[in-house]
Amino acid sequence: MSKETFQRNKPHINIGTIGHVDHGKTTLTAAITRALSGDGLASFRDYSSIDNTPEEKARGITINASHVEYETPNRHYAHVDCPGHADYVKNMITGAAQMDGAILVVSATDGAMPQTKEHILLARQVGVPYIVVFLNKVDMISQEDAELIDLVEMELSELLEEKGYKGCPIIRGSALKALEGDANYIEKVRELMQAVDDNIPTPEREIDKPFLMPIEDVFSISGRGTVVTGRIERGIVKVSDKVQLVGLGETKETIVTGVEMFRKELPEGRAGENVGLLLRGIGKNDVERGMVVCQPNSVKPHTKFKSAVYVLQKEEGGRHKPFFSGYRPQFFFRTTDVTGVVTLPEGTEMVMPGDNVELDVELIGTVALEEGMRFAIREGGRTIGAGTISKINA
């Protein structure tokens, strides 16, 4: 049986749920599919089918970003249910780097929690341009405590504005009640999706640039070969195009023999779309997450660069102490993280939390790098800085 062909008749948007652990991100994702399935715009996905990798089930906590698709009357959405647990912020970075906007889920009973703040900060660092807030679990607050919800809203608006997200719409509701079929709360989820439609603009995709896709995952399909998945950052890829695999080792050439999106075949993949590419003659061990697949010779692997970096303050979740030349944190680019050695500018003895500084970095492995590219710097499970590559040295 041949696969269905993907229909491209609406603008395609990538969004995701972010926020503190147990505030209801995955429940909301399921509730959105439930609310839209009533209009024939989504297939209902229950909580357990979204929260679906083995290590997640055991802890009841989402680890890998899970992709769900649905439509509103105006758009087609690919929705990433992003990790909420502190150990897995790494995946949040790679999941968030692909969002055109995010739904920040906050429990009305708790208000903003440490991870709420970290996720807003990370969203800003990795370039998520717009946020819509879903204030969840309002059904658990009694009438006499209703003004608490107003306080939580005010606090959230201030927090978002501080990080550069001004005037974010806030929708109140209960994901669980919507999931259980309560008509009033299903209406709230529709209201949320209307706010997403209205407040997260369709981005201009970089269709005309040379094709590039950071690889998120690699699968082996028996009898067909190796599939790499990810979100196309720019350009167009067609079946039978020659491409290169760049980064984390020697550059390899291959040919694209298939393009798929949500298990449907496509003649081509375009900038902004999450796709799987079937590659000819590439074994599962020849390719890994963190490489990019791109138009031949459009990007080169590098290890050394100059960068403009902002080092987070202690209050923003950053380091408490300065660092010196020879510091070795992890650098996160697109879907990869690599240890790098930092050299401070001449005459600078140390870098304090809160500083803006120019750093020379040498990575211990090659990565497909370009000038102007953004990255996060992490150490011991927390983000300590964010930067942009100003010049490639080698």
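Residue 1 is the first one shown; counting continues down the chain.
Every residue gets a Cβ built from N, Cα and C, even glycine.
According to Swiss-Prot, the domain 'tr-type G' annotation covers 10-204.
Feature annotation from Swiss-Prot assigns region 'G1' to 19-26.
Secondary structure at G19 (GTP binding site), as computed by DSSP, is coil. Residues annotated as GTP binding site in Swiss-Prot, with sequence analysis given as evidence: 19-26, 81-85, 136-139.
Cβ neighbours within 10 Å of T26 (Mg(2+) binding site), excluding its own Cβ and spanning all shown chains: 26. Classification of T26 (Mg(2+) binding site) by DSSP places it within a helix. What Swiss-Prot records for T26 is Mg(2+) binding site.
According to Swiss-Prot, the region 'G2' annotation covers 60-64, on the basis of similarity to another entry.
For the region 'G3' (81-84), the model gives a mean pLDDT of 61. What Swiss-Prot lists as region 'G3' is 81-84.
For the region 'G4' (136-139), the list of distant contacts is 23-24, 27-28, 105-109, 149, 172-177, 185: same-chain residues at least six beyond its ends, Cβ to Cβ under 8 Å. What Swiss-Prot records for 136-139 is region 'G4', and it gives similarity to another entry as the kind of evidence.
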